[in-house]
Amino acid sequence: MSTAILVSLLRNGRCQVNRGALTLCFQKEHSCTTSTRHCFSANRRCFSSRFDLDGSGRPATWDSFGIWDNRIDEPIQLPPSIKYGKLIPHINLSKVGCSTQLGKRKENEDRFKLARLTPDILYFAVYDGHGGASAAEFCDRFMEDYIKEFLVEEHDMEKVLVKAFLEINKAFARHAHLSVDASLLTCGTTATVALLRDGIELVVASVGDSRALLCRRGKPFKLTIDHTPERKEEKLRIKKSGGFVTWNSLGQPNVNGRLAMTRSIGDLDLKSMGVIAEPETKRVKLQHTDDGFLVLTTDGINFIVNSQEICDIINQCHDPKEAAQVLTEQAIQYGTEDNSTAIVVPFGAWGKHKSSEVSFSFSRGFASSGRWD
């Protein structure tokens, strides 16, 4: 498809266009005389037209867009498509799947959030609190505001997220020291935040062990690495700061005998021991012909379901809402004791890499869990 088509539509005042409109424009620009470039089928809703979709030199068909021929029908964003030279589908927040399960805990300390921060930027986040839900609740309420504030003066989303994490930790510290609730000094939370600009520029920042992964061609592409004392550089920082690492009865390392992570928001009593709030970040340009979805998960899922299983479970589902629900319920069936939360964001190849039907067992041991995948 030529850029002229997209420019023409944009000049006519359209910022989004559905599949039918694009098909009509394509038909107008290209005659049907060249059989090698057009393939019509009577049993399909629309014709399939071959063109270089992603600049790779490989021809693609309309089927390459999973969302167009697989259960989710979203319009194309014209300005970003022209800017990046490839078709970029609109990400509708109402189609994003979210689910949280209590598990065997008395309280759900997980929080999740999704929002449109600007006309071009979407926000997705999961927070897994420990020692109470106060730190997770604080991030859930205020992280969005910090990010919005810093986006005004900074275009680089990685820098924005790093600054937002550090500032919200300072704000929580001020809040805790002014509170009469002493538990605020020892509670904390993980934070995994994803920003998506123009439907194609994805940036993820994280502290703790909540995860983000991209399903690309049916395989997991990890966007985060758990911050645990098992990581050599993390353990070294803890020791240099005067902290220490011990192992519990399950063989899991803990900072100063109490915290399973080396980075977090909160945990103010351990900040001087090397537990920092600075996130690690990852920047990715989406490939909508290959990328099926983004999923953010807390450790109630990650501890017991590995990354490939997460992709397989979601790829068997009809839509993201069902996928988030099934994933959190599967973690419960596997025997997780923790709260489990998932956000599933569909991309262009949703449904394209559908897994073969797999029967999942209702229980498993630590050896098969996702903590070590």
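Backbone N, Cα and C define each Cβ position, glycine as well.
Some features that Swiss-Prot has for this protein:
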- 95-347: domain 'PPM-type phosphatase' (DOMAIN)
- D128, G129, D338: Mg(2+) binding site (BINDING)
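Everything Swiss-Prot records as a feature, shown here on the structure.
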{"residue": "D128", "record": "Mg(2+) binding site", "Cβ contacts under 8 Å, 6 or more apart": "E109, D110, A136, T189, T190, G208, D209, S210, T298, D299, G300, N339, T341"}
{"residue": "G129", "record": "Mg(2+) binding site", "Cβ contacts under 8 Å, 6 or more apart": "E109, D110, R111, A135, A136, E137, C187, G188, T189"}
{"residue": "D338", "record": "Mg(2+) binding site", "Cβ contacts under 8 Å, 6 or more apart": "G103, K104, R105, T298, D299, G300, F303"}
Additional residues surrounding Mg(2+), by Cβ distance to the D128, G129, D338 centre under 8 Å: E109, D110, Y127, H130, A136, T189, T190, S210, T298, D299, G300, N339
DSSP three-state assignment (helix, strand or coil) for D338 (Mg(2+) binding site): coil
